[in-house]
């Protein structure tokens, strides 16, 4: 009965876990299977704070007033939906709350009702997945009075199902579009503005969505009921005709205005009688465009649309036909031009229209033979009735044709497996004057209420009694007696009396009404009926309704005069014949079916259809009669709560069972949950279905009070228990899938590891070939003309190029690039740190650190300077590579070279770079092999513009490592022969083979499964760690570390010679230091806590001190109960921890040469107090550092890593660890100052002056 059961396919795994959360949330704390309470915290954290109760079955007091108060509280907080079990109660908010967006819709997809707040989407989700999982037809019955929101609920259900039903095929999507397009189309022709609702459905609609076996929509069918055709010809003040008339007259295109003479709605009687032309917040022109679009989606051709609008125009012009009395009192038409236009629209003869409106043809018959024919003139009242009858007949038949046309387009395009029906029919109506239309509407609502009673109340109790289930019976009101009062033939009901009156006195309307009143006297004995003068009262489930007798018989006849049928039969328009297909049988004397006969048959057919499906219910409530948002009329809502029977529904829900299923289907659904009924997914139980169901419930640990076993069914009390079973079933398949996934992932991991090993081997074999080729090009470029450095010939040496990372995004290299202004379009070929010879006024030239960068366009010499103690990076010199005339270098192993430009404004740079050969190679490639590399025993360059200078290069064996520049001479040590080439690449270190995978499903060692070397290697024995020398430390307030004896420490560091004949036994290890004790305090006085965060203590107790505060309170813990709280400091006396005993002395060692024991032995250490910690070292004096002798120069930094530097001295080429660090400038300042100190020890030369 609308249960949110889990589908067999398990589309959403999260649904099962959600049920676990529900069990933990609502259950009584017992373990109901597996791990249902694991997700409790997650579930609570995702739910927003609940207003009132979301399910009325959770009310502590069950009464109509309590239900009303809860609905009012939730309504005031914009929570319009509330559950009664699986029945949804909806309160119309009369405004958009933003709760029907796609995001909200997706949040309900695949969720049971307890995982998410109450919503109409949850009802749609339950119906759809129950249909898909259990192959049961579903229906959603939406009930409530007019204006309560039934139509909106039906549209939202269609919106949800269209969204989640899947199917990417174009035909399926087209079916969805057509189903959704039926809403604006049928609303425009079937809805109207009433006093209580701006978009009131004036017809009943049962939409049946048809699905294939995959749950994809393949078609639909619409059945319409009770179109209020009387609204076409008249409305009360402030109401409107059907929407389509105002849409058409306001927004009709010029084509229709020319063809059909369409004017504004004020020009027509049928649209202006009520003096209401507009609806607040509704744009009729925009609605008309939606209607035309819906017609196109449905597949109506342009010709069909033209005929529909022709009929609408004909109805409007028929209403403008007016009559007057002639001298004889007969009706005559006042404006013949209107009749002529009506005849043009209907394509009939105008004279025939005149005759049909003003004359009635009567025929007498005698003895079964045709008699005389008479033409009886009509008076004005009769003529108006004939005119209106024609207009109503055209519109009624036109509406039926539209529904049939929609059904033809929605015909199933595949095999239909199941269906979901949505019933949207206007609700119970009570007006000041109620007539035949209200009687029919209220009769249908009585039938729907009877279904609800039968399926939710009576059927519930009957099934419990039939299955011998113990439960508490609930009294309820069965409205079957009211339905019998209206529809029964024996004894005759209201409809039977009405039909009898119409048949007896069919000629005179007033006589027929009087006859009807007489027939109603026979119903006076019925307790639900009262007959009064000119009216009668029926006691409906929604309240007592008084119906006026006047005019009921005429409305019940529902017959179109044969004269009008003959008129439309002469039409030359084929569409008119389609609307009126029946032929007039002049000899048929049988009484045609009346309106009450038709509505009775339709209602019974509807009931039969609904009884074949599993229903879900939405009970809509109208909070006020003013259509005002945020207004809640307590009295009106309380009345609706009573007649909807919500209190009885809550009571029976609380007393009954949420789920029931036959034994065989229950076992079929859940046999996987018991190891005794299944193995590897196969059903293995050999007993009957009942015993199998019991075994499943036993193995899933369902408490006995949560279910009962009936005669043929198992009954589960709460939905949470069912959710737990479904969650376990989902986890079963989930676990099976995990096993398959684990094996597949293990194989993929194995395959990936194999590929990685092959790639690693290939990269190891061929990796770096490009850089090795560049290195070989460097050998060719030097061509045996220059001695080589030993490090340059290493086999692992590669020409990597951009050592500083100037071409990288992010990091220090990007800072250098941005500071130097290197364009992003330039490709970085080479970057490295080096030195440039800098000339200063009055001083000798000195090397200064710089960054050398080479791109495909320029050579950049980049400087790093301190400005206002901030590091500033800038390009000191930018040289286009095309302007380089030559590069000069010596034939020794030094790293100096000149870049000869010959600029008239700037000197040529003389550069010192450890990767000079790599620079030459990249520059030669950038110049496409046109580099002029001059190698000699000296280096030439323009020291000043136009002034050629020569730098001598001298081989000095005294230079151990790096070359040095002084007074125009470079001193360098001997190098490798000039014809030397790089050594072969060294072989990598051999490592043991690793298993391809460590998984349990595949054997280690590779595809063959052989043992790996790693697995065969024995595990090394654990070696004891040497004891560290004790370091002075701060004394701890709780406990002190036990000092080791000096002899033991000395013995642990004594190295025994290999020639010793006897090894003394090692001393025993010292005793382990006891764990530090927590500080404790003794309670001096009793203290009783006054607040929840305070701790009560008694004098003499020992408590543990957790923390101390400076405000006179200590946080303490009772060592017996572990309770914590705040206690006053004055009530406590802190206990001093005793000094631990020293370790026992070691046994005497054998007589051998061992160090003498120190004076501070173990006993002295035990007695000595711990020394206070040494004060922190003072900050070094920078002035004193200048007097320190210059340390030997450190190896030059090649800038391979940005993190290598020495701030204490050296060549000063180092840079800070990170250019993004805040101390970068300070570190660089230290480096620059260190270089200045180093240079002070060198003698200045006067080579510049």
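Even glycines carry a Cβ here, placed using N, Cα and C.
Mapped onto three states, the DSSP output places residue 149 (ATP binding site) in coil. Annotated ATP binding site per Swiss-Prot: 144, 145, 146, 147, 148, 149, 150, 151, in sequence order.
Here Swiss-Prot flags 1021-1035 (among others) as compositional bias 'Pro residues'.
Annotation comment: Swiss-Prot describes 1036-1051 (among others) as compositional bias 'Low complexity'.
The compositional bias 'Pro residues' feature in Swiss-Prot is assigned to 1064-1077 (among others).
Feature annotation from Swiss-Prot assigns compositional bias 'Pro residues' to 1139-1150 (among others).
Residues or ranges marked as compositional bias 'Low complexity' by Swiss-Prot: 1151-1169 (among others).
For 1200-1221, the entry in Swiss-Prot reads compositional bias 'Polar residues'.
Here Swiss-Prot flags 1222-1231 (among others) as compositional bias 'Low complexity'.
Across the domain 'Myosin motor' (51-730), the prediction's mean pLDDT works out to 88. The domain 'Myosin motor' annotation in Swiss-Prot covers 51-730.
The domain 'TH1' feature in Swiss-Prot is assigned to 788-978.
Under the heading domain 'SH3', Swiss-Prot lists 1076-1137, citing sequence analysis as support.
Per Swiss-Prot, the feature phosphoserine maps to 372; the stated evidence is similarity to another entry.
Among the features that Swiss-Prot reports, region 'Disordered' is placed at 1-42 (among others).
Taken from Swiss-Prot, the feature region 'Actin-binding' applies to 419-501, supported by similarity to another entry.
Annotation comment: Swiss-Prot describes 962-1079 (among others) as region 'Disordered'.
Per Swiss-Prot, the feature region 'Disordered' maps to 1126-1249 (among others).
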Does DSSP put residue 144 (ATP binding site) in a helix, in a strand, or in coil?
coil
May I have the DSSP-based helix, strand and coil counts for the residues of the domain 'SH3' (1076-1137)?
3 helix, 29 strand, 30 coil
Sparsest-packed of the listed recorded positions (146, 151, 372) - C-beta count within 10 angstroms:
372
Using a Cβ cut-off under 8 Å and a sequence separation of 6 or more, which residues in the same chain sit near residue 148 (ATP binding site)?
90, 92, 427, 620, 621, 622, 640
Using a 10 Å cut-off, grab the number of neighbouring Cβ atoms around the Cβ of residue 147 (ATP binding site), all chains included.
24
Taking just the CA atoms, what is the gap between residue 145 (ATP binding site) and residue 372 (phosphoserine) in Å?
52
Just counting, how many other CB atoms are there within 10 A of the CB of residue 150 (ATP binding site)?
27
Shell of the ATP site beyond 144, 145, 146, 147, 148, 149, 150, 151, same chain only (C-beta within 8 angstroms of their C-beta centre):
92, 197, 200, 426, 427, 620, 622
On a C-alpha basis, identify the one among 144, 146, 149, 150 that is nearest to residue 372 (phosphoserine); the candidates are the binding-site residues.
146
Under a three-state reduction of DSSP output, how is residue 372 (phosphoserine) classified: helix, strand, or coil?
strand
Which residue counts does DSSP give the region 'Actin-binding' (419-501) for helix, strand and coil?
47 helix, 7 strand, 29 coil
